[in-house]
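Student: First the structure, which I've put down as structure tokens, then a few questions once you've had a look.
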């Protein structure tokens with residue numbers, strides 16, 4: 001997605017350790033017009049009209065998924081939760097995920113009633129690196145008996161192996177920008 | 001907002017301890033059409049055209065704020081973060097907030113560059129009970145030098161004192177549904 005790549009080059013900030021910060025437009029401050037274009041692009045890439053639900057994970061995925069849902073006939077968005085709350089008390093679909101950014105393992109949880117065998121689910125998230133969160137969401141869909149329609153990612157770090165692993169699982173994965181490598185403060189897209 | 005009140009009565013679930021669960025349409029699964037109506041209602045209640053930014057807090061506020069922003073000329077949405085991430089490394093606006101739902105105190109953080117003296121900020125969140133999160137967001141806006149245009153809340157628990165405290169601060173607070181009390185599994189709106 002050219003608009004996104006140009007925006008990453010213009011406003012993305014590179015930090016030590018190949019960390020790309022896109023917090024001015026994607027995951028701390030959100031550019032709503034860009035989110036709308038991202039939503040339209042996901043619809044183009046996943047034209048499957050049987051998609052009746054979008055699954056994402058808190059926190060950064062939520063805004064992207066909510067805006068994108070508007071281009072999928074306003075299907076409901078379910079966001080997986082990362083921590084136990086008193087409000088989470090029904091039967092749960094749950095799996096463990098390692099966050100390398102935060103350096104901790106956490107539980108990903110979805111109330112079972114929100115994913116059923118009748119659902120055709122598109123997964124949306126902001127980043128794909130090692131693929132831990134995405135594998136967790138796919139596991140939860142498998143537990144639920146729902147059908148995985150595909151995974152839409154805004155930015156994939158192609159120099160980490162998450163995308164390769166997910167694609168080798170036979171999942172329809174689409175990343176709007178794949179970063180092949182970052183060298184000397186230069187971003188190269190695939 | 002009549003549509004919202006009807007939806008709370010239809011799909012809200014009451015749990016022990018006056019806990020109202022609205023996770024089937026608001027804060028775990030999101031009804032995007034309802035979110036759009038909520039966004040339009042916030043615009044009607046806050047017609048101030050100087051509003052140029054929406055501030056919310058992860059996680060449940062994000063989807064509501066992102067959809068609402070579309071009715072405010074697609075202004076950017078900033079979401080405050082609740083935990084320290086490696087990705088949060090600029091100058092920070094920060095305050096401590098007590099979560100009664102989760103039983104812990106946490107830091108609320110916004111990178112300083114995303115709230116400036118030029119900003120007229122509308123705060124949006126899903127719930128208002130004791131007002132801890134909302135007071136935290138207001139403190140962060142004060143630290144930044146930005147102007148607080150108002151606070152838009154989807155559901156206020158009128159039997160807790162957050163709304164009273166915030167209104168007595170002189171803040172323009174609008175709650176789309178105020179629950180006055182919950183007795184014998186019956187919800188009464190103000």
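Indices start at 1 and increase along the chain as displayed.
Glycine too: its Cβ is placed from the backbone N, Cα and C atoms.
A quick note: this is a predicted structure, and the numbers were derived from the prediction, not measured.
The annotation xanthine binding site is assigned in TrEMBL to B:20, B:27, B:157. Feature annotation from TrEMBL assigns 5-phospho-alpha-D-ribose 1-diphosphate binding site to B:129, B:130, B:131, B:132, B:133. Residues or ranges marked as domain 'Phosphoribosyltransferase' by TrEMBL: B:49-158.
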Student: Can you name the binding-site residues among B:20, B:129, B:130, B:131, B:132 whose Cβ is less than 8 Å from some Cβ in chain A?
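Tutor: Cβ contacts with A: none found.
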Student: When you rank B:20, B:27, B:157 by Cα distance to residue B:131 (5-phospho-alpha-D-ribose 1-diphosphate binding site), which of the binding-site residues ends up on top as the closest?
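Tutor: Given the candidates B:20, B:27, B:157, the nearest one is B:157.
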Student: Mind checking which of B:20, B:129, B:133 has the fewest other CB atoms within 10 A of its CB? They're the binding-site residues.
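Tutor: Checked B:20, B:129, B:133; of these binding-site residues, fewest Cβ neighbours within 10 Å: B:20.
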Student: How big is the Cα-to-Cα gap, in Å, between residue B:132 (5-phospho-alpha-D-ribose 1-diphosphate binding site) and residue B:157 (xanthine binding site)?
Tutor: 13
Student: Looking only at Cβ atoms, how many others are within 10 Å of the one on residue B:131 (5-phospho-alpha-D-ribose 1-diphosphate binding site)?
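Tutor: 23, counting other Cβ atoms within 10 Å of residue B:131 (5-phospho-alpha-D-ribose 1-diphosphate binding site).
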Student: For residue B:130 (5-phospho-alpha-D-ribose 1-diphosphate binding site), which residues in the same chain are close in space, meaning a Cβ under 8 Å from its Cβ, but six or more apart along the sequence?
Tutor: B:98, B:100, B:160, B:161, B:162
Student: Just report the maximum Cα pair distance in Å for the recorded xanthine binders B:20, B:27, B:157, no decimals.
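Tutor: Site span for xanthine, by Cα atoms: 16 Å.
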Student: Looking only at the domain 'Phosphoribosyltransferase' (B:49-158), report the model's average pLDDT.
Tutor: 94
Student: Work through the binding-site residues one by one (B:20, B:27, B:157) and name whichever has its CA nearest to the CA of residue B:129 (5-phospho-alpha-D-ribose 1-diphosphate binding site).
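Tutor: Ranked by Cα distance from residue B:129 (5-phospho-alpha-D-ribose 1-diphosphate binding site), first place goes to B:157.
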Student: If I restrict to non-local contacts, at least six residues apart, and a C-beta distance under 8 angstroms, what lies near residue B:27 (xanthine binding site) in its own chain?
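Tutor: Long-range Cβ contacts: B:60, B:126, B:127.
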Student: Quick one: give me the count of other CB atoms within 10 A of the CB of residue B:157 (xanthine binding site).
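Tutor: A 10 Å sphere around the Cβ of residue B:157 (xanthine binding site) contains 24 other Cβ atoms.
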